[in-house]
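Everything below concerns the one structure shown next.
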């Protein structure tokens, strides 16, 4: 989870750069779908072409950076550079001789291998005069060489083939079965709402980011699958927004301190920060059910309408500080679905808190 938190700003910024470049450089049809993906010939000219390239560089570096931080969390500083190089190699179709890189799955495996190799090398007791060389020469050289051998001869091609099959299958299901995005939207949305920034929430975010980044790298923005990212981004704000709305509408169920926390949660919800609801689920664990169900509903509807999210704030503000696409007026769908989910969350909060208070009075 340390690694994914480190690349979130890069994901958001790169997605925004790409989306702004495309929205500015391409014409659209009546359904708000892009007509021309040839940026070089777009009327917006050289500026948006370069802006697009900036976003693409961000996505090219994202997987190596993720691999680097993932390995560092296991093996410390010795793993940094070898994991960065390994993350790049395992995601390079040219290096592997395949049509697809191994993406985030490959980066995770390379990060684990590099991290444990770094821990193994760190056990060696070298003479003091060699210690300065350990960090800057010996460890990076040995680790990078071993990681190269493992990727090139053992794991690279099988992983790339598996990842290509995985994403091709997901794209096929999304195209062939109308309700497939709704199903995985419900699952990912429920995971986001379950523990508000905890490991399950972060796992859902990792999965959606991996799908977005990998399909962006392989297919370009014309073939990217940004529906899972739309699901998790929209679900993030449901719990804190619902809490804030409940504290405003049902004041008799909240103490003065809880009302203040509710106002803070409302603000954090509009900023796409789910942790605003944590104090309440600690005090009232039953509220986890409300968060999970309401977030799952939002994720399901976002998936059902096949809304895609390219970057920005994961809240209703994402319609302005972000870029969505999909059905006609997708940004309005985005705002309405999130706010309705937050309202559903607030109503469930009312029911649960009222029951808790009634039980306390009876006892």
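Here the Cβ of each residue, glycine as well, is placed from N, Cα and C on the backbone.
TrEMBL labels come from automatic prediction, so no person has curated them.
Residues annotated as domain 'PTS EIIC type-2' in TrEMBL: 1-347.
Among the features that TrEMBL reports, signal peptide is placed at 1-25.
The transmembrane segment annotation in TrEMBL covers 78-96 (among others).
Sequence annotations record features per position, and here TrEMBL assigns transmembrane segment to 102-121 (among others).
If one looks beyond the transmembrane segment (133-155) by at least 6 residues along the same chain, the residues whose Cβ comes under 8 Å of a Cβ in the stretch are 77-79, 81-83, 85-86, 89-90, 95-96, 102, 106, 109-110, 113-114, 117-118, 121-122, 126. The transmembrane segment annotation in TrEMBL covers 133-155 (among others).
Feature annotation from TrEMBL assigns transmembrane segment to 260-282 (among others). Proximity of distant same-chain residues to the transmembrane segment (260-282), defined by a Cβ-Cβ separation under 8 Å and at least 6 residues beyond the stretch ends, is recorded for 192-193, 196-197, 201, 233, 236-248, 254, 288, 291, 313-318, 342.
Counting only same-chain residues 6+ beyond the ends of the transmembrane segment (331-349), those with a CB under 8 A from a CB of the stretch are 230, 234-235, 237-239, 241-243, 245-246, 249-250, 253, 269, 287, 289-291, 293-295, 297-298, 301-302, 305, 307, 309, 315-316, 318-319, 324. Annotated transmembrane segment per TrEMBL: 331-349 (among others), in sequence order.
Sequence-distant contacts of the transmembrane segment (102-121), counting only residues of its own chain at least 6 positions beyond either end whose CB sits under 8 Å from a CB of the stretch, comprise 3, 63-64, 66-68, 70-76, 78-79, 82-83, 86-87, 90-91, 96, 138-139, 142-143, 146-147, 150-151, 155-156, 159-160, 162-163, 166-167, 206, 209-210, 213-214, 217-218.
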